[in-house]
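> Shown below is the structure under consideration.
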Ligand SMILES: Nc1ncnc2c1ncn2[C@@H]1O[C@H](COP(=O)(O)OP(=O)(O)O)[C@@H](O)[C@H]1O
Ligand SMILES: O=P(O)(O)OC[C@H]1O[C@](O)(COP(=O)(O)O)[C@@H](O)[C@@H]1O
Ligand SMILES: [Mg+2]
């Protein structure tokens, strides 16, 4: 049988044994379930304009191999008559001898790469990269870039590479910088960005465009986009920012504007779902080593030295976990995802005393979001939020330092030497390292290719090392956290040999242990 479908993903199937005609309109409900799009963009030209016969394996029509494509929106979903143009990269010197300049429309990136013979193939995303057709003429583009939320190493590299990518690859020379985050759309003047203006900014930490929390007013932002004649919006920011980007995309679609909205995920905490890792994370982990080294040098030079290093990580303990794994000088790592307790058997005090007896010193790394529930108990009524609505954290480093001091000096009558290091902002206020710089370049170029090709409402990022376009709504659905049930956390426990805090103790009334077990039971079990 001939299989004729309108999807760009028609090539993503196994070798044929037989073929058949597949009605384009029925692709989502076809019994073979090849196309289980989470988002069905029936007006997407790539879906509806091409009808190319393909061949697919039909060994058993009842088989559902669980192949799902989570595609991103396209401008033609709500502007069906938009003209397209050949991609100018066709004549680019840079791509002149590249074997395959353009990504194939049917190329997808699998979210699940460890599979078993009979397991479902799972979710897939559109592969990022230059497309054969673009939906903007170079001279028609008026792009803008905005950065929101906290700092992260590499933001300036992303800004630089968006500007250079647009200009060098697509001949775009009308690029605006929105200053000071979302509120800058309606309260500040814009900057004119050219390759010359941004030439050196990647060597600096921070953001050349300034940033802020709060101030997201969708109507005012989209009014401003419309008034200024902006038709490509590049939004660099974390989970909050991506939620804001999603609102902007929805409003743009509602108003029927030809405006591509591209999100570039930024977060030092590595808490953005789906993507492998956020840019600047490696740089931050590397910088954290300096603080850990300092703590180690200090405490091994004195008697009963206890070093505490507090690292960023609001809800996700990735920086603390990776800095610990990288360092080997850390005795214990405390993260928000893993409840711990101080007193009694299997508790932190007992472990500290053991290590002091064994080695004469101990280094503890604590993520800023760890133990917040205990701090909240001891400082009742404090529940402040920042301008974006993020809960302001209580200082777990100071709390831990005080509790450990009290325990050893007052209760155990032991002399200790406490060194508390809080490098919080130091690890994110630096320029990105070499590998993050390369990563930022890929993100920026992929975002530019995606917007030029007319995709919108997307976030770009690596999924199993391949850059993909992910619907913004997908990355904001959940938050990436350290899974205690994954092997990575077990690797850390095996490396530090610290307590898992799963042993119940009388003094906690078994509560902490129960909390932990409930937490783990509620977790989706994944393995890395
Ligand atoms: N749910 C939301 N809807 C719209 N805008 C949001 C939302 N959450 C956060 N924002 C906006 O995104 C920006 C950055 O958010 P924030 O949480 O501070 O940092 P990050 O994006 O790094 O997580 C702020 O301007 C904030 O107003
Ligand atoms: O910059 P602020 O407002 O002091 O916020 C600090 C917080 O920002 C973070 O770096 C995360 O920021 P984002 O949510 O912007 O990625 C946290 O690690 C930290 O708790
Ligand atoms: Mg955030």
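Note: Cβ is positioned from N, Cα and C throughout, glycine not excepted.
A TrEMBL annotation is a machine prediction, not a hand-curated record.
Below are the features listed in TrEMBL for this protein:
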- 143-449: domain 'Phosphofructokinase' (DOMAIN)
- 150, 213, 214, 238, 239, 240, 241: ATP binding site (BINDING)
- 239: Mg(2+) binding site (BINDING)
- 240: site 'Important for substrate specificity' (SITE)
- 267, 268, 269, 312, 313, 314, 368, 425, 426, 427, 428: substrate binding site (BINDING)
- 269: active site, proton acceptor (ACT_SITE)
> What's the CA to CA span in angstrom from residue 240 (ATP binding site) over to residue 269 (substrate binding site)?
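Cα to Cα, residue 240 (ATP binding site) and residue 269 (substrate binding site) are separated by 13 Å.
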> Taking 267, 268, 269, 312, 313, 314, 368, 425, 426, 427, 428 as the record's substrate-binding set, what's the max Cα pairwise distance in Å, rounded to a whole number?
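Between the outermost Cα atoms of 267, 268, 269, 312, 313, 314, 368, 425, 426, 427, 428, the distance is 16 Å.
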> So for residue 313 (substrate binding site), how many other CB atoms are inside 10 Å of its CB?
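For residue 313 (substrate binding site), the 10 Å Cβ neighbour count is 29.
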> Enumerate in sequence order the binding-site residues 150, 240, 241, 313 whose Cβ-atom distance to ligand 1 is under 6 angstroms.
150, 240, 241
> Report the residues of the chain - excluding 150, 213, 214, 238, 239, 240, 241 - with C-beta within 8 Å of the mean position of the site's C-beta atoms, for the recorded ATP site, in sequence order.
148, 149, 237, 244, 388, 390
> Just checking the binding-site residues 267, 368, 428: which sit within 10 A of residue 239 (ATP binding site), CA to CA?
267
> Let me make sure I understand the span of the ATP site: among 150, 213, 214, 238, 239, 240, 241, what is the greatest distance between any two Cα atoms, in Å?
13
> What binding-site residues in 150, 214, 241, 267, 269, 426 place CB under 6 Å from ligand 2?
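150, 267, 269, in sequence order.
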> Within 10 Å of the Cβ of residue 240 (ATP binding site), how many other Cβ atoms are there?
21
> State which of the following binding-site residues has the fewest other Cβ atoms within 10 Å around its Cβ: 213, 428.
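Comparing Cβ neighbours within 10 Å for the binding-site residues 213, 428, 213 has the fewest.
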> Do you know offhand how many angstrom separate residue 368 (substrate binding site) and residue 213 (ATP binding site) by C-alpha?
19
> Quick one: of the binding-site residues 267, 269, 313, 426, 428, which has its CA closest to the CA of residue 213 (ATP binding site)?
267
> Checking proximity to ligand 3 here: which binding-site residues out of 150, 214, 240, 269, 313, 426 have their Cβ closer than 6 Å to it?
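Those binding-site residues that pass the cut-off, since their Cβ is under 6 Å from ligand 3, are 240.
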> Can you tell me the CA-to-CA distance separating residue 238 (ATP binding site) and residue 313 (substrate binding site), as a whole number of Å?
13
